[in-house]
């Protein structure tokens, strides 16, 4: 459940001083999650990533999806390359994000990792229009089935902290407002965050615009948010 301070924030009762204190705490939580992640050994990381992939593949939300929106992993994030390969081999449409100014991002359909080029902050992304070998399909609003996103830190109330840019919050808000005539496992689209269990912290600071994933998948558990309650399945 959200903390008392988070509830005050949501209700607009916090002073500017308290807001700044909470934002500072949010930065500290983000750094803590990333610091824990950085301590994983190569062996621990490989073991965890395989378990995360298998857990995701077993979810009906993945199995029933036809369109997968997924980040191109960078640095110490959970690797998504094998996830993409498996999804493409299974006949799913795969889309990757491209940052397109003013804090916004769009997703473009790809057929393989080789189509991606270094972009914003060195992260691989679909190239600019004039550099594309052929026209990629821009994902139109309301046609997603499953969004798989990274994070710096998580909690067991399906709280998520990204890297501070708000890209996924803005994109997901737009996607939710657009709606969809298609359903995947009972929802217009599913939001799933993947990360390592060491990134699970106590109650995160969450601002009103922070969008919680429906599920958080780690190598040890799947945390699910349903009607305000949290259910955890241990792997």
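Backbone N, Cα and C define each Cβ position, glycine as well.
Record features (TrEMBL):
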type	residues	note
BINDING	26, 27, 28, 29, 30, 160, 161, 162, 163, 164, 165, 166, 167, 168	ATP binding site
BINDING	77	substrate binding site
COMPBIAS	24-39	compositional bias 'Basic residues'
REGION	1-40	region 'Disordered'
Residue 77 (substrate binding site) and residue 163 (ATP binding site), Cα-Cα, nearest whole angstrom | 11
Against which stretches of its own chain does the compositional bias 'Basic residues' (24-39) lie, if we need a Cβ under 8 Å and a gap of at least six residues from its ends?
-> 76, 151-154, 161, 163-164, 195-196, 198-199, 201, 204-205, 207
For the compositional bias 'Basic residues' (24-39), the DSSP residue counts stand at 15 helix, 0 strand, 1 coil
Taking the Cβ of the residue listed as 'substrate binding site' as the centre, how many other Cβ atoms fall within a 10 Å radius?
-> 20
Between residue 167 (ATP binding site) and residue 77 (substrate binding site), what C-alpha distance do you get in Å?
-> 16
Site extent for ATP (largest Cα pair distance over 26, 27, 28, 29, 30, 160, 161, 162, 163, 164, 165, 166, 167, 168, Å) | 20
What is the total of other Cβ atoms whose distance to the Cβ of residue 26 (ATP binding site) is within 10 Å?
-> 18
Protein Cβ atoms within 10 Å of residue 30 (ATP binding site), excluding its own | 20
Among the binding-site residues 163, 167, which residue has its Cβ surrounded by the fewest other Cβ atoms within 10 Å?
-> 163
Residue 26 (ATP binding site) to residue 77 (substrate binding site): how many Å between their Cα atoms?
-> 19
What is the total of other Cβ atoms whose distance to the Cβ of residue 28 (ATP binding site) is within 10 Å?
-> 12
